[in-house]
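In what follows, a structure is listed as structure tokens, so that the remarks can point back to it.
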């Protein structure tokens, strides 16, 4: 039979239920990604991860519902032409109806994440979020669970539709976010859900007469139409937390949003107000002419991303820039090359570019990831910004900063990395604490290797109390220089103002004239020199006086090395060890011993980014408690339906042993799959260096290849290969692949960053192909369980759903503490355990008497 004939046979054989399953699966992942974006705009992405993780427990709760329904059935086999099809249609319609209602209502809950520490009623609002968001996921999970468990003998093929639909949903969500606001992108999820409901209503197996079926369909369609029209004519807007930067800006006098752009990378807002003056860390003794010109506020996902500054081409109007610590590298290079070449990483509104032009840079490479920011400065605000990104000296590049530098074949005198954050976390929604590959030891090595002789790497971060990011920057620079075989003591300068700190790093030692110029410049502006080569004890902590100068203490300890360095790292309240590519969590500095310090600030807890870690821990705790409840409750519902001894077994096995094996197997699969997904996404998103393509290729691709694996398994079953043997082999393949990738994937991919994007996308897809085997163990053993212990099918579904949700925060905590390779190794262990259990399944879980299977409905 030709390939064409095989495809034709597959298409002809597709039933309404399978198409509806595909559409429901697509709608679920589509909606999940939309929710992450909505909460990233209105709240914060790590809080979004918490709420959605709990909401996804609808998958576990659906298993409890299916178990409750199964308890009401007798052991008499029931035709699939009856109540199962009806319940599937009802679940699909419910999902389509409650999805927009849920989203609309959540935007009206006055929840403030920051206030939950001191305001008890915020816990009630948080509970409302959980309830409202869980309902659509519960309805969708019930439909998916019905499809997979009611026809367990076809579970590999049905699982393939489930995975293919999920992959398509991830891809379509990125497309929708590229062309519409988040509020309107929800309509795409509604369309998929309603399509699934409509297809389910067409199912000829609804076991009702024609007139009843038409009435049932008419009522369902009418309800969906009413909800859709209500959403379209009164669409919600994403509710902004009052603590978001955009909320503050809109409270300024005469403030208004003058432009808005949306993409998968985030929503960009431009705010006009005469009160907007963006000059962070400006010297307290700046002269009267050192004030910014007229500016527009730039906000990404409702958080400040700098400003667009009015510019007429005259750099003398930019005197204020010289009174900020970000100007330090240019004063260190006053006697440097006349053909000054500068690379500005994270160009944003153009402040770094303006600073370079003020110091007569002949060539400025401005790197900006978000195309909407570039378009705004080149089009809508071109005249206001003086055509900044179209000047002859300026070359704007849409790229991820580190990947651009590593692919570049040029070098620069100044590489400016000022207040740049992460690009991946809010886009994908995978980590509660953002990964960031810009501030790792390996990244600093790459930046230093792209400096011209005498060049400077300048990195600026906000000054924190107590200091965390600034100390970790210094430690990372020391580690990078030492790894390059260079002596850090002579190559580092750390300067701080009242609001910011700038670290200067060179490959060559700082020359005496450079240090003298920097000393004069800092003293004139009342900036503090926290470290200079040869700094004296009386030279630090002079102007912006701290009770204890941890900047100076940390610098001396890090440069001393050995036991003194380790003692400081061990004893300091926060984690300030260098970030690495294996543990790219630069902004994670939380330690439990720091809690008293954090809570001593009470309502001023807001400056602490570490609260994201606490939310992650809270998410895991809640997920674990709910998971135990949802895993245990079906056992009570099914306790009278499990036979202690199976009459066909050559050896008696207690139902307790059977349940334990089912629990361990599906728990291992749920944890292992999400562990692999998280680690692989973080590795490949960095490799592809373009979040829009990365999410589409990695997330959708991983789900798609899993679907291919499940379809392949269904074909092998038709050849008579035992399901448990296939499941065992597939789990072994996944375990081996995880181990290999943990040990060498990053090392292999790093030299290939210079490849064109299309080639890197093809390679990323190739890297994912072995994980097609992940699509086999779950449906194959689910099929086997349906033949031998069908009463345990809803329980297996609940276990897998709960484990998948627990796996998200657990994997992130594991990556924070041990690194991404360890996450892959733990995933390998999970699949190794699954392989062992699958390999002995036939011997341990004995089949029942033929014909005694129990349908779910």
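Any Cβ shown, glycine's included, is placed from N, Cα and C.
The transmembrane segment annotation in TrEMBL covers 20-41 (among others).
The transmembrane segment feature in TrEMBL is assigned to 47-67 (among others).
Annotation source TrEMBL lists transmembrane segment at 87-104 (among others). Outside the transmembrane segment (87-104) by six or more residues, the chain places 17, 20, 24, 27, 31, 35, 38, 69, 132-133, 135-136, 139-140, 142-143, 146-147, 150, 186, 189-190, 193-194, 196-197, 199-201, 203, 206, 216, 220, 223-224, 227-228, 230-231, 236, 857 with a CB less than 8 A from a CB of the stretch.
Here TrEMBL flags 124-146 (among others) as transmembrane segment. When Cβ-Cβ distances below 8 Å are used as the criterion, the transmembrane segment (124-146) is approached by residues 20-21, 24-25, 27-28, 31, 35, 51-52, 54-59, 61-63, 65-66, 84, 87-88, 91-92, 94-95, 98-99, 102, 105-106, 109-112, 116, 162, 193, 196, 200, 794, 797, 801, 856-857 of the same chain, each at least six residues removed from its ends.
Per TrEMBL, transmembrane segment is recorded for 184-202 (among others). Within its own chain, the transmembrane segment (184-202) is flanked in space by residues 16-17, 19-21, 23-24, 26-27, 30-31, 34, 37, 85, 88-89, 92-93, 95-96, 99-100, 103, 140, 143, 169, 172-173, 176-177, 213, 216-217, 220-221, 224, 228, 231-232, 235, which lie at least six positions past its ends and keep a Cβ under 8 Å from the stretch.
Away from its own ends, the transmembrane segment (214-233) comes close to residues 89, 93, 96-97, 100-101, 104, 186-187, 190, 194, 197-198, 201, 206, 208 of its chain (Cβ-Cβ under 8 Å, at least six residues beyond either end). The feature transmembrane segment is assigned by TrEMBL to 214-233 (among others).
Here TrEMBL flags 611-637 (among others) as transmembrane segment.
Annotated transmembrane segment per TrEMBL: 692-714 (among others), in sequence order. Sequence-distant contacts of the transmembrane segment (692-714), counting only residues of its own chain at least 6 positions beyond either end whose CB sits under 8 Å from a CB of the stretch, comprise 29, 33, 154, 156-157, 159-164, 166-168, 170-171, 174, 178, 263-265, 424, 427-428, 677, 680-681, 684-685, 723, 726, 730, 757, 761, 764-765, 768-769, 771-776, 779-780.
What TrEMBL records for 726-749 (among others) is transmembrane segment. If one looks beyond the transmembrane segment (726-749) by at least 6 residues along the same chain, the residues whose Cβ comes under 8 Å of a Cβ in the stretch are 581-582, 672, 676, 679-680, 683, 687, 709, 713, 716-717, 763, 767, 770-771, 773-774, 776-777, 780-781, 784, 820-822, 824-825, 827-829, 831-832, 834-835, 838-839, 841.
Residues or ranges marked as transmembrane segment by TrEMBL: 761-782 (among others). Proximity of distant same-chain residues to the transmembrane segment (761-782), defined by a Cβ-Cβ separation under 8 Å and at least 6 residues beyond the stretch ends, is recorded for 148-149, 152, 155-156, 158-160, 163, 665-666, 669, 672-673, 676, 680, 684, 687-688, 693-694, 697-698, 701-702, 705-713, 717, 723-724, 726-727, 729-731, 733-734, 737, 741, 745, 749, 752, 755, 793, 796, 800, 831, 834, 838, 841.
Residues or ranges marked as transmembrane segment in TrEMBL: 794-816 (among others).
Taken from TrEMBL, the feature transmembrane segment covers 822-841 (among others).
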At a C-beta cut-off of under 8 Å, are there same-chain residues at least 6 beyond the transmembrane segment (822-841) that contact it? List them, or none.
661, 664-665, 668-669, 671-672, 675-676, 678-679, 724-725, 727-729, 731-732, 734-736, 738-739, 741-742, 777, 780-781, 784, 811, 814-815
Sequence-distant contacts of the transmembrane segment (20-41), meaning Cβ under 8 Å and at least 6 residues beyond its ends, amount to 47-49, 51-52, 55-56, 88, 92, 95, 99, 103, 133, 136-137, 140-141, 143-144, 147, 158, 161-170, 172-174, 176-177, 182-183, 185-186, 188-189, 192-193, 195-197, 199-200, 203, 238, 240, 264, 266-267, 301-302, 426, 429, 695, 703
